[in-house]
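The following features are taken from TrEMBL:
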| type | residues | note |
| --- | --- | --- |
| TRANSMEM | 31-50 | transmembrane segment |
| TRANSMEM | 62-82 | transmembrane segment |
| TRANSMEM | 122-141 | transmembrane segment |
| TRANSMEM | 162-183 | transmembrane segment |
| TRANSMEM | 189-208 | transmembrane segment |
Amino acid sequence: MVGVILNTLATTYAMTIFAWTTQQATFYNSLANGINGFIAAAVNISYIAFKINKILSERLMILISLIFFLIFFIVTSPWPFYGDSITYQEPIDLTKNDTYTFSPGCDISYDWCSYTAPVNVWVYHVMFAVFIGLGTPLIAVNLDILFSRILGPIKQGTMHGVFLAVGDCINIFGPISVSLLYVISGPRWIWLAAMIIILCGTTTIVLLESEESELSEANHISSIKSSGTIVPGCNISTISTGTIILGCNISTISTIATA
C-alpha cells in the first residue's frame, strides 16, 4: 500500500506541492530514491552480518516498520501550520501569437490546492529517505518469514500464491484508485487512508500476539511428529499443546524442535 501510493504519486506530487519542473522533480526524486536504496541495502547487509533475526523477532520488526510508515504519513500530511495553500500554475506568454505555457505549480483544475497546505520540501524528503528507507526492507525481510512460520510444516505453495496474488491485485487496482482520489481531493484523504490501514495492521499484530505464540508452538510439535524425532521420556504420538506427558513438558519439546 505504501509503495503503491509513493510510486504512483511521487513525481506528480513533487511538481504540485513544491512547484518543481519535470526535470527538477525527476532529479530530486531519483536522489531521494538513491538514498532510500542505500539505507535499504545497509539494513539487508546488517541482517546478513549481525544476524538480527536471532536477536529481534519478526513480529517486532514488522511493528517497527509499520510505525516508521505511520510517522512518515503523519509528518508529511498537509497540516494547516505548514502554510496557507499550494501555489497554482500561471500562464506565461511565449510569443506574440498568443501561445502560452504554464509556470510550475498546482494544476489550475485542482480545486483542493486552494485549501491544502504544502509540506516543507526538506521535511518530506528526509522523512521519505529515512523512514521509508528503513521501513521497506524491514517489512520485506520479516513478513515472508513470519507468514511461513505461521503456516507451519505444510506445503506452503498455495498460501504463498494467494499471498502474492493479493499483492498483485493491490498493484493493479491501487494506482488507479490512488490517482483518481488524488485528482479529486489531493493528498489529504490518501494520507489519511494510509494511516488508518497502518493503524489497523499494527493493532491486529498486537492483538494476535498470544494466538501467534500458540500457533507457533503447535507447529513445533507438528514438525516433531512428522519428522519422527525421538524425545527421551515422551510419547510423541500423544503430545498436545500445553500437556505434560510422561515427564516431558511442552517447553522441552519446543526447544528440541528449534534445535
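Cβ atoms are placed via backbone N, Cα and C, with glycine included.
The transmembrane segment (62-82) shares more Cβ pairs under 8 Å with 122-141 than with any other stretch in the list 31-50, 122-141, 162-183, 189-208. Taking Cβ pairs closer than 8 Å, the transmembrane segment (122-141) reaches residues 2-3, 6, 17, 28, 32, 35-40, 43-44, 47, 53, 61-62, 64-66, 68-69, 71-72, 75-76 in its own chain, all 6 or more past its ends.
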